Amino acid sequence: MVVNVAIVGVGLVGSEFIRQVLSTQSKKIAVVAVANSRAFLTSSAPLTASWKDELASGSAKPFTLDAFTASLAASKAAHPTVILDCTSNETVATYYPTWLAGGFHIVTPNKKAFSGDLGLYKKIKELSSQPGSPLVYHESTVGAGLPVINTLNDLVNTGDKIVKIEGIFSGTLSYIFNNFSTLDASAKPVKFSEVVSVAKDLGYTEPDPRDDLNGMDVARKVIILGRVAGLDLTQETVQVENIVPEMLRSLPTDEFMAKLPEFDEHFAKLNAEAVQNGQVLRYVGLVDPVHGKSSVTLARYPASHPFASLKGSDNIIAFTTERFPNPLIIQGAGAGAAVTAFGIYSDILKIAERTQH
């Protein structure tokens, strides 16, 4: 049985997913619809490598969520249909209950439905948890292609007790602090502003690096994991340490970058205090069901800790549970189109396997 896939959002990740499906010549997945914010295209046959030209041509229709969904009704009657949301759009996320009520499965890297309004999250859970109901997979909302949510679901569903989930969830902040704070005596000291500037030039940060440094992206991932673990976390219940100096928070981006060197001494002092104690600085998200204090903070770790030896822009997540008192650790590339598309592809294959008749 082939699973049809309809994609909303065909930017970097959506396009890479299509490339991976076409290059592997999957017999289980057929991409039958694509949409961007302006237009959509549906087809009774699987789309080919020329899909971008077709979407840009006169045969595409003006996009609205209602029109796009209505166009999928015919294909849904013949095959299970997965709607893949590759946007980061909140309006699209609020449409998930409509899709689920219509019998569509959902796969997405969009964090908004799982870290935003708690009522929306619970509605999605309710509509996707009944026997025979449509399935929702969102592995790529945390750690891109790393098996983070799948592992946590397995721990929870088998009755393990979650003691703590701790991790470096941002590839950007991983890169920045792995380069800025090190116990390697032979490493040349670097200024915090210089590391941020290099990360921005390499495309690791958002166009405005404060969107990484303010901790909100990490907070969203903490909320997602906390909710999967059974906690009703919200933006208000997670303590977030914004490491952007207060004086720089409301400036235009260029001015922020120009003035950040004025605070190099502040960050150098924090780092020196850590290094003197044989520790390094790492920006970490914490889900703490035992004490009920989930947070995002700039924390210190000794050289012996796995977080201290992290390289590049890798993510690392440690699950401490009743069965795993020595944490179960997942580590690897946690950002990038290729690994995010892999996570999506893998989720859709799971749906294909579960909907075989």
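Glycine is treated like the rest: Cβ placed from N, Cα and C.
Record features (TrEMBL):
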- Lys221: active site, proton donor (ACT_SITE)
- Gly9, Val10, Gly11, Leu12, Val13, Gly14: NADP(+) binding site (BINDING)
- Thr87, Lys111: NADPH binding site (BINDING)
- Glu206: L-homoserine binding site (BINDING)
- 9-134: domain 'Aspartate/homoserine dehydrogenase NAD-binding' (DOMAIN)
- 147-349: domain 'Homoserine dehydrogenase catalytic' (DOMAIN)
For the domain 'Aspartate/homoserine dehydrogenase NAD-binding' (9-134), DSSP counts of helix, strand and coil? 57 helix, 21 strand, 48 coil
Sequence-ordered recorded positions within 10 Å (Cα) of Lys111 (NADPH binding site), taken from Gly9, Gly11, Leu12, Val13, Gly14, Lys221, are Lys221
Minimum Cβ neighbour count within 10 Å among the binding-site residues Val10, Leu12, Val13: which residue? Leu12
Per the 10 Å Cα distance test against Gly9 (NADP(+) binding site), the recorded positions Thr87, Glu206, Lys221 reduce to Thr87
If you measure Gly11 (NADP(+) binding site) to Thr87 (NADPH binding site) at Cα, how many Å is it? 8
Once the chains shown are all counted, how many other Cβ atoms turn up within 10 Å of the Cβ of the residue listed as 'active site, proton donor'? 25
Across the domain 'Aspartate/homoserine dehydrogenase NAD-binding' (9-134), what does the mean pLDDT come to, as a whole number? 92
Beyond Gly9, Val10, Gly11, Leu12, Val13, Gly14, what residues of that chain have CB atoms within 8 A of the centre of the NADP(+) site's CB atoms? Ile7, Ser15, Glu16, Phe17, Cys86, Thr87, Ala337
Measuring Cα to Cα, how many angstrom lie between Val13 (NADP(+) binding site) and the residue listed as 'active site, proton donor'? 19
Measuring Cα to Cα, tell me the gap between Gly14 (NADP(+) binding site) and Thr87 (NADPH binding site) in whole angstrom. 9
Please report the Cα separation of Val10 (NADP(+) binding site) and Lys221 (active site, proton donor) in Å, rounded to an integer. 23
Largest tally of Cβ atoms lying within 10 Å of a Cβ, found at which of the binding-site residues Gly9, Gly11, Gly14: Gly14
Using Cα positions only, nearest of the recorded positions to Thr87 (NADPH binding site) (Leu12, Glu206, Lys221): Leu12
